[in-house]
Amino acid sequence: MAQDNFSRVTEFILLGLSDTQELQLLFFTFFLLAYAMVLMGNLLIIVTVRTDPKLSSPMYFLLCNLSFIDICYTSVTIPRVVVALLSGHKAIAFEGCMAQLFFLHFVGSSEMFLLTVMAFDRYMAICRPLHYTAIMARGACWALVAACWLGGFIHSIVQTVLILQLPFCGPNMIHSYFCDVPPVVRLACIDTTLTEWLMASNSGLISLACFLVLVASYTLILAKLRAHLSQGHWKALSTCTSHVMAVTLLFMPCIFTYLRPAGTLPTSKYVCVIYTIFSPVMNPLIYTLRSSEMKESMWRL
């Protein structure tokens with residue numbers, strides 16, 4: 001059958017995490033509280049960094065951008081989930097689904113690139129302190145952040161274009177609470193093997209490559225710190241440990257979800273909760289509680 005003969009799906013149904021009424025009320029409370037924590041925690045970080053001249057180092061500049069990305073990232077999915085759980089309306093238009101998928105990968109991949117830049121920043125500060133000021137100047141930081149957003153845009157536009165080439169003629173039930181590549185691709189009316197491998201090569205390899213760079217950076221940092229266990233290096237070690245916790249919380253579920261074709265194994269929608277909700281909620285805690293300067297500035301604010 002020719003692709004033109006397919007009747008185009010005009011909307012998808014997001015089945016969410018559960019059909020049970022009691023659990024839906026529990027999930028509504030969970031998503032609402034999580035979104036409130038993300039907004040309050042990250043806005044507090046942004047205001048603190050922007051108002052305190054003592055927090056003018058590249059590390060806090062990048063942290064401020066990470067907080068902004070986390071707000072954008074959760075705003076792509078959580079508000080709509082909260083409204084759907086409250087109203088019971090689970091349908092999403094085809095165009096809205098594609099827009100959600102695009103912005104989710106745009107902001108999500110930008111965050112991965114930014115975390116990689118933050119690991120590079122910590123590597124230069126600890127392992128190359130004499131060159132740190134020259135390399136991580138404010139202009140260079142802005143250029144690195146812009147490169148993260150550009151890389152995220154290119155990645156996301158490729159994903160979206162590949163999906164828009166697929167015909168969707170039914171069914172239209174998405175077994176998740178948001179539109180993402182694996183559950184949407186499974187609904188296509190043609191064999192998507194090639195498309196799935198292309199998408200796995202795009203999303204999966206980006207996640208894996210960034211994670212390996214992060215692991216290499218923190219391994220070099222830890223090797224450097226092992227030979228110098230002064231008070232300052234213990235503080236750096238504590239900071240790096242918290243960063244490793246944050247990146248593991250984000251990257252491992254993403255690698256599990258995207259580094260394989262969509263049809264090989266069912267993707268657990270509960271795994272998606274880790275990198276779409278838990279990671280943004282934990283980031284403000286992980287990146288600020290280990291920093292005495294940030295805590296002191298917050299108390300002053």
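The count begins at 1 with the first shown residue.
Glycine residues also receive a Cβ, built from the backbone N, Cα and C atoms like all the rest.
Features of the protein shown, as given by TrEMBL:
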type     : residues : note
TRANSMEM : 25-47    : transmembrane segment
DOMAIN   : 41-287   : domain 'G-protein coupled receptors family 1 profile'
TRANSMEM : 59-78    : transmembrane segment
TRANSMEM : 98-120   : transmembrane segment
TRANSMEM : 141-164  : transmembrane segment
TRANSMEM : 204-225  : transmembrane segment
TRANSMEM : 237-258  : transmembrane segment
TRANSMEM : 270-289  : transmembrane segment
Would you call the transmembrane segment (204-225) and the transmembrane segment (98-120) in contact, using three or more Cβ pairs under 8 Å, pairs 6 or more apart in sequence? yes
Might you confirm whether the transmembrane segment (25-47) is in contact with the transmembrane segment (270-289), defined here as three or more C-beta pairs under 8 A between residues 6 or more apart in sequence? yes
Between the transmembrane segment (237-258) and the transmembrane segment (59-78), are there at least three Cβ pairs closer than 8 Å, leaving out pairs fewer than 6 positions apart? no
Beyond a gap of at least 6 residues from its ends, the CB atoms lying under 8 Å from the transmembrane segment (25-47) belong to 16-18, 63-64, 67-68, 70-71, 74, 78-79, 81-82, 85-86, 277, 280-281, 283-285, 287-288, 294, 298, 301
I'd like to know the mean pLDDT over the domain 'G-protein coupled receptors family 1 profile' (41-287). 85
